[in-house]
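Features reported for this protein in Swiss-Prot:
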{"type": "BINDING", "residues": "C60, C62, C75, C78", "note": "Zn(2+) 1 binding site"}
{"type": "BINDING", "residues": "D449, D451, D453", "note": "Mg(2+) binding site"}
{"type": "BINDING", "residues": "C777, C851, C858, C861", "note": "Zn(2+) 2 binding site"}
Amino acid sequence: MKEIKDFEKIRIKIASPDQIRSWSYGEVKKSETINYRTLRPEKDGLFCERIFGTTKEWECYCGKFKSIRYKGIICDRCNVEVTHFKVRRERMGHIELSAPVAHIWYYKYIPSRIGLLLDITASNLNSILYYEKYIVIEPGDTDLKKMQLLNEDEYSEAKERYGMSFSASMGAEAIKTLLENLDLDELSSKLRLQMIDKDDKTDKKLLRRLEIIENFKISGNKPEWMIMDVLPVIPPEIRPMVQLDGGRFATSDLNDLYRRVINRNNRLRKLLLLNAPEIIVRNEKRMLQESVDSLFDNSHKRKVVKGTSNRPLKSLSDALKGKQGRFRQNLLGKRVDYSGRSVIVVGPELKLHQCGIPAKMALELFKPFVIRKLIESEAVFNIKRAKSLIEQEVDEVWQILDNVIKEHPVLLNRAPTLHRLGIQAFEPVLVEGKAIKLHPLVCHAYNADFDGDQMAVHVPLTPAAQAESWALMLSTNNLLNPANGHPIVFPSQDIVLGLYYLTMERKNVMGEGRKFSNFNHVLLAINNKSLDYNARIYVKVGEEYIKTTAGRVVFSEALPGKISFVNKTLSDYELQTLISEVYVIYGSSIVIEMLDIIKELGFKYATKFGCTISMSDIIVPQEKKVYVEKANREIAKIQNDYTKGVITGEERYNNVVSVWSKTNEELTNKMMEILKKDRDGFNVIYMMADSGARGSRNQIRQLAGMRGLMAKTSGDIIELPIISNFKEGLSVIEFFISTNGARKGLADTALKTADAGYLTRRLVDIAQDVVVRIEDCGTINGIKVEALKNGEEIIEPLREKAVGSYSIERIKSPITGEIILDVNEEITEDKIKELETVGIDKLVIRSVLTCEAEHGVCQKCYGRDFSNNKPVSIGEAVGIIAAQSIGQPGTQLTMRTFHIGGVAQAGSEDDKIALKNAFILNGLEGFNVQVDGGLLFTRKGVLRVINVIYEESIKKIKKLKVSDSQKVIKGMSLFIDKSGVEVLSSHIGYIKIKDNKLMIVSEEQEISLKVGTRLEINVGDYVEAGRVIGTFDPFAEPIIAEVKGKIKFKDIILGTTLKEEINLETGNIEKRITDQVFESLDPRILIINDRGVEIASYVLPGDAYLQVEDGQDIDIGDIIAKLSKGSEKTQDITGGLPRVNDLFETRIPKNLTEMAKVSGVVQFKAIQKGKRLINVIDEYGVEHKHYIPAGKHLLVRDGDVVRAGDMLCDGRINPHDVLEILGGISLQEFLLAEIQDVYRKQGVSINDKHIGVIIKQMMKKVKIVSVGDTNFVYNQKVDKHAFYEQNKRVIEQGGEPAVASPILIGITKASLNIDSFISAASFQETTKVLTDASIAGSIDDLRGLKENVVIGHLIPTGTGMNLYKRVKVRENSNSEV
């Protein structure tokens, strides 16, 4: 069989009986395998040489022909062809079945494919196939119906009654006849008519049936091929039988399964020849069906066939499925030769592009190269001799090895390979010993440390592979993190500590205050020991003297020439910033040089500093006692309020946790202050934390402050804090509480790592075929981006979101009118600076989400490749990079819990509103009432404020150059002051002149207010920075009276909707609305006036605490009822990772909110079946119904005006609702924001475009709403591009196009619905995917990476793209590349 390498596509179909026979080289008639005496295969058996080929090379079975010269001759005695024994891997046989048999994939898997075609239920189909019931094939002129099932008695009765005028049968024969008689075209049109009749209420079964029928029609498969008359036998080398040491044999399970089939088949044949009784024949047929089922899929059956030692046998399906199956074990994850692994140790003397390989390992890895050189140098003349020289390890061998490995890169890999930086290329350097030496700065990319980690080495062999290793994979070409473009090669730990020590400043040390005219003099003074590294000195730089320290001079002097003087204390953050800046300004070559210098300086001065920790370095603040006493007093007050019944149990708990969190924070601040002052900032513990070398504020707090609150395993916080720290030692109870958190940490780590790994796998699978394929897709759509702010605080600047993208619109300067950015121009760092200067902070950019490339994405929509800060090149596998960028931090984050040791991470809740900067209150929104001279918000509200960025008294101004409300930008003239100096603006904003002040103010911002907020200011007020303007209760949401009157209870019945509980701790009676839902009861509180007329009504949600009595008088602003917030949980990505999972899988959240479907006015209706009906009446007066579970806390009241997409009740948002109500763009923004929120909280930076790539893949399909004149089926899910294509064709022919709505599919489902059946089959549900693909006759275009890896092609990205396939690497000379 010739090798097939050059093919573009692969197709899978159902094999017809003729096709199976044409593959076969002969029929297997006996179940014997090999002869026990001769150990040669038996004739006509499962290993027969006549069928499958000879077992001995170029020799027939009987030995008549023994030589290659008889190649191709068939022996006349034994009928065995003289050929190579490798044909036993390719040649197939077959078994002629004595009775037809159904294929388990097509009848057993849900939904049963045969069942759908014939419209028979799975259980009925089973009973026919297993010879329990008859099915009527032709009713003739009887009362029977076609396809009617008859049991034994009914059949006998019908036989007696009608004789031969009808035909009924059982088993696979009956099903085969029915399938042969199917008219697919007629059936298809019949079902389409049924679908149109049913319209919206079409059931899934109809759609499934139609899809299967269409698939059969398109593929050319015949339905009756799902029933087999002939069974293929796979080649014997694939189901081998090998002799073990003790003379026993080990055999593949498949041989046992085949043996059972053959035995039963032969027995059935004999019985049929003997005309045996029907009942015996039927039983044998059933057994044959069973044995064929277990051959194809043993694990899917109820009664599994077991072999020796009671182990289920592995069938053909099992060989494909799962992690140990053919796809994942052998095709996607192969073991590689020319590789080795060993423990890693640090190699501080290496350059960034080098790694140390143990000499012995290198000799083994490069053996073939060494042998070649030995023969070339004529030291030996054959390979055998060369091998023995290598074993003796003579000197010549080492010399040759040295030459061979020069400039021959090797790849180093550390498992788990979470992102592409887990494999990098290095130039090998031979080292003594048996450990691989690794450069300390690449550890971060590998996430490696030297506590026993192992790494694998791989040798790229071909010149092309070596060239790619040098050009693309060398560690010096991988300085940036592809997830966000920040440097990933940066110093940490010892290096940081050394440089921090070197660049710190210290008072009163040798040489303080001296002046030096140049750097060399400083270095001389240090060498002569007349100057301390940390001394403050003055050095001439350029024309002037600058104040610096000797150490900083040493550092700057060592850096490459171009880099300007660095005059600050270097912490890890400062070093990363420095590396980033140097990369942007000077490029990678200077950075690489600088990194090696930084590494050497860091290690050198860390050694000189020689820091050690002693108990006296851990300083416990004297004030600790005061803080703890204050906290205890506050807690006593909270307890007192609780005892009086003023607050509920949940509020008490939340308040206690909040007090301890605040206390801990205050104590930590005090402790850090003390440590900073200790020894002029040279306290070692403080230095380690401040420099970022080791440890964190959190860990020091546990050493010298207090351990604080701990979390239970459930995530709840234990309200009893650990007041001691590790220096003082823990009491027994404190130690016991501690163990809880520590154990949680370890258990979480183990479980969550697997979760994160699985997330990565699903992400890779959905995005693996997203490759940059074209330059420009020509779209005119884009997405809006702006800086992400929380109030005035910028969380993520515009730069992070827009740099490296392309603009979709032309942007002109608002002042000069010049074009700053043109359409389709790249947004660079400089362009962003220009835009910021003129005050533009919103852009519309091209994005992967709006890219219209048919396959993958285009260069312009993707923008910049973060791994090298250049525009992305065609052929870049951006999908996989996106998946790795999202998955890799997931794994890192799961391990985060465990380092803090389970200390609870709950912030203390604020109960005040105060802004960091001065502002003017511009307006209010939301229902509020006047109470005690302030405003009380009875519902959620919004403050509209303008921040004051700059202010100056009018009295100091001589001449004003600007007017009220004018926009100003940086550098614009504002005024001339009394001394005649022109003052320029250093801000962007608008001029406001008020209260004799000239101010620059920002654009209006919104601040949301909770229910029950009390506001102390009025519209138009100027408020100075930090002033408290309002207060609220952070732990409870009140329901507040908005009118004055008398309370009247409605549907509040004790024991039904109201329960009274006596609190055992306080003895108070708590009145609480139950959360049970009653059909007709709707608990409410009415307020009535003097005449008894209802003037207000308040719906009470479940779990609300009543604060009033029936008939009581009430005033405006009084609290009617309270809803407690749930107890504080500690926030950790343990909560975050499942959240990311849910978003990517588009799961419907448990506690769902209902969103308004349209904008309009809310109208409350009665409760029906435990759900409250709320109508939203739109502008045309149309009512849109919303059903909300009774007992949910409503966020709207009768008569409120809502916008489409507003939440009507408490709960989580369902992404599918967002798509339906607000459309695709809003959904993309929602998913992006939610996913980013989880990562941002953990301090992980991932660029939006990576998440965008995944979301794009989730929104690839649309659902057909109206069929028009297309071939689509109503409710079918189809690919967007296929939909547009077919519509285009139909419109051109003058037909009516189909209409579809966008849908969102979770990543697992989307991976299984992918175009490539090979990729889908190797992901999950292998047999199901292959079953459907074979019916549809699917063609795999081999576009993605995975399918090409499976079939052994180069992946179609980078240098493997079709563009480059015709390019050949040629050597100039005969020497090795």
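Note: Cβ is positioned from N, Cα and C throughout, glycine not excepted.
Note that the coordinates shown come from a computational prediction; the quantities given were computed from them, not determined experimentally.
Feature annotations (Swiss-Prot) mapped to structure.
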| residue | record | contacts (Cβ under 8 Å, 6+ apart) |
| --- | --- | --- |
| C60 | Zn(2+) 1 binding site | E49, T54, K66, C75, R77, C78, V80, E81, V82 |
| C62 | Zn(2+) 1 binding site | C75, R77, C78, V80 |
| D449 | Mg(2+) binding site | C443 |
| D451 | Mg(2+) binding site | none |
| D453 | Mg(2+) binding site | V343, I344, R414 |
| C777 | Zn(2+) 2 binding site | C851, E852, A853, V857, C858, K860, C861 |
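Take the mean position of the Cβ atoms of D449, D451, D453, the recorded Mg(2+) site; other residues of that chain with a Cβ within 8 Å of it are I344, A448, F450, G452. Between the binding-site residues C78, C858, C861, the minimum number of other C-beta atoms within 10 Å of a residue's C-beta occurs at C78. Ranking the binding-site residues C75, C851 by C-beta neighbours within 10 Å puts C851 at the top. DSSP assigns C75 (Zn(2+) 1 binding site) to coil in the three-state reduction, outside any helix or strand. DSSP assigns C858 (Zn(2+) 2 binding site) to a strand in the three-state reduction. Look at C62 (Zn(2+) 1 binding site): DSSP puts it in coil. According to DSSP, D449 (Mg(2+) binding site) sits in a coil region rather than a helix or strand. Annotated Zn(2+) 2 site C777, C851, C858, C861; additional same-chain residues within 8 Å of its Cβ mean position, judged by their own Cβ, are I774, D776, T779, R846, V848, T850, E852, A853, V857, Q859, K860, Y862. Apart from C60, C62, C75, C78, the residues listed for Zn(2+) 1, the same chain places the Cβ atoms of Y61, G63, K64, F65, D76, R77, N79, V80 within 8 Å of the centroid of those Cβ atoms.
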